[in-house]
Amino acid sequence: MTNPVLNPALPAMAAAPVAATPSAVGSAGIVAPVFLRFDEPLPLASGQTLNGYELAIETYGTLNAQRTNAVLVCHALNASHHVAGVSADNPKDVGWWDNMVGPGKPVDTNRYFVIGVNNLGSCFGSTGPASINPATGRPWGAAFPVLTVEDWVRAQARVADHFGIERFAAVMGGSLGGMQALSWAITCPQRVANCVVVASTPRLSAQNIGFNEVARRAIITDPDFHGGDYYAHGTVPGRGLSVARMIGHITYLSDDDMAEKFGRTRREPAADGAYRYGYDVEFEVESYLRYQGEKFSRYFDANTYLLITRALDYFDPARATGGDLARALAPATADFLLVSFSTDWRFPPERSREMVRALLKNGSPVTYAEIDAPHGHDAFLLDDARYHAVVRGYYERIARELGLNGAVAPEGNSA
């Protein structure tokens, strides 16, 4: 077991009790992150080694005495450890899956102890390209090692060790988070009782790799990128990162959803309705995408975007089994819940059905739901009653099996 330590240089809130304090029914309450430092070197898939790193985490609910009620939530590309509740330092910062996790919600924190971990390489508190490289005293920048989904799982496992959690009641995630959950089930089968994979895929298609490459080129060719060492130049490749986000955002929405939201609505058309015959914003959808891109470029790190999209590209567990997904999933002993959405063209339902067929071939217990929803890939983040009913029902079944039908009394869990 790896023994992490809290970073003493971090603000006092980093040493606060891990369990969130509920402030209202249905809310995970006001939460603050905890920063765990791991000094044991982490071997990476690339052959490199990360000698010491920090992970930002948040938790919700209470770990029971048997340590059997823990749920790990893995995040997608631009999310973080802040899964639910309200940030202590920003009352407007609500967790990215707050509609899913909390008291009385599908993942009920009256029963479960939920952990959110900010992945290595991210820019929300865990060690990443913007962190100081102890060997140079300067930001890692382009020298930060390329990571894989499997690397993230190995790092997350050390968080489980820290809490003394031998086996998660469930590991879950949507999109890229679903890939991590799947990797957990394959690489750490004895530590995962249930695997919940939402709006995900066992590998990226050529089209998806193509989208990621176009986004990366937008960043890399930005004059302010400076080969990834823009920190030293005091610049931010904001134009490239903004375009990358615009490209990605289009893939998260369905055609029908965009048609309903924007259609061909004009942005401040001329009095006579004529086109402006220029290259500034003409349509509402253009204004929306520019806004999303510019907002994203103000809070996300460009090197992190490169790193995470490449990790997406590399995820392909069946690569080691000659493309045989059933063989790749054979080590898994967990029960599975897979959920897909009808209009998700980024990771379409057929990719989930492919995983279901492979799991059934192996004799794995599988529950599968395909939700008819108009919102595209981003549907996994939304409060859809049918979707949430499926997840709620699955977690209620886990609770019955574990005897978690009552609320877990707080015991002052801390990092």
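Residue 1 is the first one shown; counting continues down the chain.
From the backbone N, Cα and C atoms, a Cβ is placed for every residue, glycine too.
According to Swiss-Prot, the protein has these features:
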type	residues	note
DOMAIN	69-383	domain 'AB hydrolase-1'
ACT_SITE	SER175	active site, nucleophile
BINDING	ARG245, ASP378	substrate binding site
ACT_SITE	ASP344	active site
SITE	ARG346	site 'Important for acyl-CoA specificity'
ACT_SITE	HIS377	active site
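Structure coloured by features recorded in Swiss-Prot.
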{"residue": "SER175", "record": "active site, nucleophile", "Cβ within 10 Å": "26"}
{"residue": "ARG245", "record": "substrate binding site", "Cβ within 10 Å": "22"}
{"residue": "ASP344", "record": "active site", "Cβ within 10 Å": "28"}
{"residue": "ARG346", "record": "site 'Important for acyl-CoA specificity'", "Cβ within 10 Å": "23"}
{"residue": "HIS377", "record": "active site", "Cβ within 10 Å": "23"}
{"residue": "ASP378", "record": "substrate binding site", "Cβ within 10 Å": "21"}
- Note on the structure: Whole-number mean pLDDT, the domain 'AB hydrolase-1' (69-383), equals 97
- Students should find that the Cα atoms of ARG346 (site 'Important for acyl-CoA specificity') and HIS377 (active site) sit apart, in Å rounded to an integer, by 6
- Spacing of the two Cα atoms, HIS377 (active site) and ASP344 (active site), in whole angstrom, works out to 4
- Item | Pairwise CA distance, ASP344 (active site) versus ARG245 (substrate binding site), rounded so that it is a whole Å | 18
- Rounded to an integer, what is the Cα-Cα distance in Å between ARG245 (substrate binding site) and SER175 (active site, nucleophile)? 16
- In Å, rounded, how far does the Cα of ASP378 (substrate binding site) sit from the Cα of the residue listed as 'active site, nucleophile'? 9
